[in-house]
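Novice: Before I ask anything, let me first share the structure, which is written out below as C-alpha cells.
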Amino acid sequence: MNQVKVKYLGNGLSLLVGIGVFLFWYVWYPHALSYQEQYQLFLWTGDYFMERVSVPGGFAEWLGEFIVQFYYVEWLGALLLALLFVGFGWLAGWIPAALLLWLLGDPSVLLGYVMAVMIAVGVNRMNRLSGRTGLLADMALVPLVYWLAGSLAWIYVVMRWLKLHKAVGWLLPLYLLVLQLLAYRFLLPQWTHEMVFLPEQYYRIPMMLPALMWIIPVVVIIVFVVQSLIKSVRWHMPVQFVVALVLGYIGMTSGYDKDMFELIRQDYLVRNERWDEIVKRAQEYQVKTPFSSVCVNLALSQKHQLADRMFDFYQSGADALIMPRIRDLTSMLPSAETFWRLGMVNSALRYFFDTQESILNGRTSGRCTKRIAECMVVNGHYKTAKKQLHLLKRSLYYHDWAVETEALLANEDAINRHPIYGKLRRLRYQDDFLYSHLELYKMFGILFMNNNKNTMALEYFMGQMLLEGQMQGFMQYMPMAEKYSGYRTMPIGYQDAMLCIRKQGAVSGSPYASYVKRMMEERKKDESNDEAH
C-alpha cells in the first residue's frame, strides 16, 4: 500500500513539475525558445541526418535539433521541454533535472547535451546484464553509446563500471579511451583533442564550458549510486524532490541573467514585430546598451513616434539607431531589421549574412536564411534566392512560406505589387556604392532624397544628426523635415532639440539636453583615460 501511495505521489508531483516547467518557458521565457530556434535550420532530408550522425554524438545533436525546430510554435516548444524535463527527472534523477533547468539559463547550451545524457543513462537502465555476460554486452554497447552520445558516453561507462565492480569493470574506461583515440586518429582528423574528449559540441560557443556541464554528469552518477544503495523509494524520492525544488528555485532566480534575457526578449519582439510591447517594456526597464537602443528606436519608428519620443528613452550614442558590424550571433540582428525596413536592402543582406556566418557551431539560421532570400528577391537575384528557398522548403515551419515566395520569382509584376517587396524596391537605392559607418547620416539623407515618401529614412536622418551632435545640420534640414514628415505640428522631440540648441543646453528637464550632457561627460572620461595610458 505504501508503495502505491508513493507511486501516486510521484506521478502527482511529476505532473505539477511538468506544468510548472511548461509555464516557465511559455509564459516567462518564450523568447529563449525563439532564440534557440533561430540559430538552426532542421532539414527533413536523409542527407541532413547522415551528416549529423557521421560523427560521435551527432545523433544526440540531431535529436536535440529535431525538438528545437518545434520551438517555432511557442506553446508546443514549451510542452516538449516540459515533457523532456519530466522524462529526464524520472530517468536520471530530479536533482540533476533541477540543475539542468539551471544550466539552460545559458543560451549557448544546446539541447543535444540533454539528449546525450538521457541516451547514456537510458542505455544503462536497459542493460541489466552483469558479470562476464554484461562485460561482453558492453563491448558492443560502449561503441554504440559513444557514437550516439559522444564524450558523455563516460556516464554510461562509469555507471557500468560501478555495477560490474572492480573485477572486470575497470576494462570499460580503458576501452572507451582507446575508442576515442582511434576515432581521433582515423575518423575525426578535423577535430581537436578537446572536441573528442569534452562535450564541446553541445555548446554553441566552444571556448569555455560552464561548470554545470561537468557537474550534472557527476550528480547523475551520484544519484545512481545512492539509488542502488537505498532500495526503498520512501526515502530517496521525497528527499530528491525537496533538494530539486531548492536547486530549481536558485537556478531560476540566479541562473537567468536579467539583462541578457531582456535583450533576447527585445530581439524576439522585433522578430515578431510586437512594437507596442517593446516600447512598453522599455518604459519599465531598459538595458543600457546600443542593442537595446536600436530595438526601441526601431519600435518607435514603426509606431511613427521616433521624432516625438526618441530621447525619452536611453540612447547609447551615435550607434543608437544602427550598430556598426560586430561579428557575433546577435548584435547585428536589430540593425539588420532596421536596414531592411528602411530600404537599405544590401546593408541588411550583409548584416544577416555576417550574423549567419558568425554561428560558431556551423549551423544555418532559419531566420537569417529567410531574410537573405527576401533580400535576393527584392534585388532581383532570383537564382540565388531559389537556392535559399530550396533549403527552407526542406524544413517544417518555413516550407509553406518558401513555396509561396518561390512562385513570385521572375514575376516582376507580382513582386512590384507585393506589399513588402514592391515597397522596398521603391525605397531602396537605385545605385550600388560603398560607404563608411561614420557617414551613416548621409546615407539616410540620400535614401530619403531617393524617395521623399520614405519618412522613416527622414526620421533616421534627423535623429542621427542629433545623436552625433550635428546641431547646424539639424537646424539646416529642419524645414525639410517639417515639409515631408507628415506631422501636423513640429514633433515634440524636435521642439525640445531646437530649444536646447538655442539656449545652449540650459533647458531644465530637457531629454535632449540630458543626453548631450551625458555624452560630454563620457567623452571627457574617455579622454582622461587615454591621457592616463
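Cβ from N, Cα, C; glycine included.
Summarising the annotation, TrEMBL assigns transmembrane segment to 12-29, 75-95, 101-123, 135-156, 168-188, 209-230, 236-256.
Help me see these features in their spatial surroundings.
Specialist: Below 8 angstroms of C-beta separation, residues 74-75, 77-79, 81-83, 85-86, 89-90, 94, 101, 241, 252, 256, 261 of the same chain, each at least six residues beyond the ends of the transmembrane segment (12-29), sit close to that stretch.
Long-range contacts of the transmembrane segment (101-123) within the same chain, counting only residues at least 6 positions beyond its ends with a Cβ under 8 Å from a Cβ of the stretch, are 21, 24, 32, 35-36, 57, 59-65, 67-68, 84-85, 87-88, 91-92, 141, 144-145, 148-150, 152-156, 159, 199, 201-205, 210, 212-213, 216-217, 220, 224, 247-248, 250-252, 255-257, 260, 264, 361.
Here the transmembrane segment (135-156) has Cβ contacts under 8 Å with residues 53, 56-60, 113, 115-117, 119-121, 123-124, 127, 129, 164, 168-169, 171-173, 175-176, 179-180, 183, 196-199, 201-202, 217, 220-221 of the same chain, all six or more residues outside its ends.
Sequence-remote contacts of a segment are chain residues at least 6 beyond its ends whose Cβ falls under 8 Å from one of its Cβ atoms, and for the transmembrane segment (168-188) they are 55-56, 131-132, 135, 138-139, 142-143, 146, 151, 153-154, 157-158, 160-162, 195-197.
Under 8 Å from some Cβ of the transmembrane segment (236-256) lie the Cβ atoms of residues 6, 9-10, 13, 24, 29, 89, 93-95, 97-99, 101-103, 105-106, 223, 226-227, 230, all in the same chain and six or more residues away from its ends.
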